[in-house]
Amino acid sequence: MNLGALVSETRNPATMGLDEMSTLEMVSCFNQEDRKVPEAIEKVLPAIAQAVDLAAAALKAGGRLIYLGAGTSGRLGVLDASECPPTFGVPHGMVIGLIAGGPGALLKAVEGAEDDAALGEADLVALDLTATDMVVGLAASGRTPYVIGALRYARQLGCPTAAISCNPDSPIAHEVQVAISPVVGPEALTGSTRLKSGTAQKLVLNMLSTGAMVKLGKVYENLMVDVKATNVKLVDRACRIVVEATGAERSQAEAALTQTGFEVKPAILMILAGIDAQEAQQRLQQHDGYLRAALTR
């Protein structure tokens with residue numbers, strides 16, 4: 001493939017004079033380019049919605065959501081996956097991020113890893129991939145062999161698949177059920193896809209994981225009601241969430257949380273339904289953890 005022909009690799013005529021600009025002119029130029037990212041995302045929202053539905057269905061069926069990429073793309077997948085347990089209270093391993101070259105590649109590039117299609121497949125084999133898992137490949141260029149190899153293996157197993165690329169009609173788009181291709185144009189710094197392309201991928205991942213978790217009942221209204229109160233900040237957030245959801249005084253929210261082991265959902269249910277902690281837990285179990293359903297019983 002002629003990489004120079006990729007949109008993400010071409011020169012940006014608006015930034016030719018970067019090295020001659022004042023600092024303010026330079027950062028203003030970056031900012032103008034970044035404005036193109038949400039516009040590109042808007043054009044692919046239907047595809048993102050499809051991917052959210054696939055991810056939610058896979059997770060409901062007991063599968064996993066697996067992100068996979070090289071370099072910046074891989075790091076972004078690992079970042080999004082690592083935020084899911086504390087934010088949504090899901091177990092580690094439910095959302096997984098893989099990067100070409102393994103964990104060490106998060107800090108230091110592993111030469112040649114992204115060019116090895118067999119490595120992508122091997123990394124999924126090591127996870128004991130099954131057809132219930134969803135695999136999402138990330139590659140700004142849309143042609144990374146590591147990602148293509150993984151997606152082909154996932155497709156052979158019958159996994160739901162999606163790909164996130166910033167080039168139109170890319171090779172990985174032809175390997176998946178859902179292709180998400182926000183075309184953000186040439187980078188301000190030629191070929192540096194950690195810039196607009198990376199931002200676009202992060203925005204898509206935000207929507208994908210958050211949207212799936214909303215559909216799994218991890219959100220009530222716009223509150224993260226399955227947050228794990230693992231530090232002082234999150235204990236305070238848990239209390240504020242209960243107050244926001246119920247209108248109760250902080251002291252009442254703290255009392256309810258103490259009885260539920262600082263689990264937010266049953267604490268909210270206790271206050272709004274006027275029941276004790278045990279009944280709140282039982283009612284949530286009856287409704288598969290969906291707080292709104294438990295409240296409207």
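In case you wondered, yes, glycine gets a Cβ from its N, Cα and C as well.
These numbers come from a predicted model, not from an experiment.
Features reported for this protein in Swiss-Prot:
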ACT_SITE  GLU83  active site, proton donor
ACT_SITE  GLU114  active site
DOMAIN    55-218  domain 'SIS'
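Between the CA atoms of the residue listed as 'active site' and the residue listed as 'active site, proton donor' there is a gap of 24 Å, rounded to the nearest whole number. Taking Cβ-Cβ distances under 8 Å and a sequence separation of 6 or more, the neighbours of GLU83 (active site, proton donor) in its chain are SER209. Looking just at the domain 'SIS' (55-218), the mean pLDDT is 96. Counting every protein chain shown, the number of other Cβ atoms lying within 10 Å of the Cβ of GLU114 (active site) is 25.
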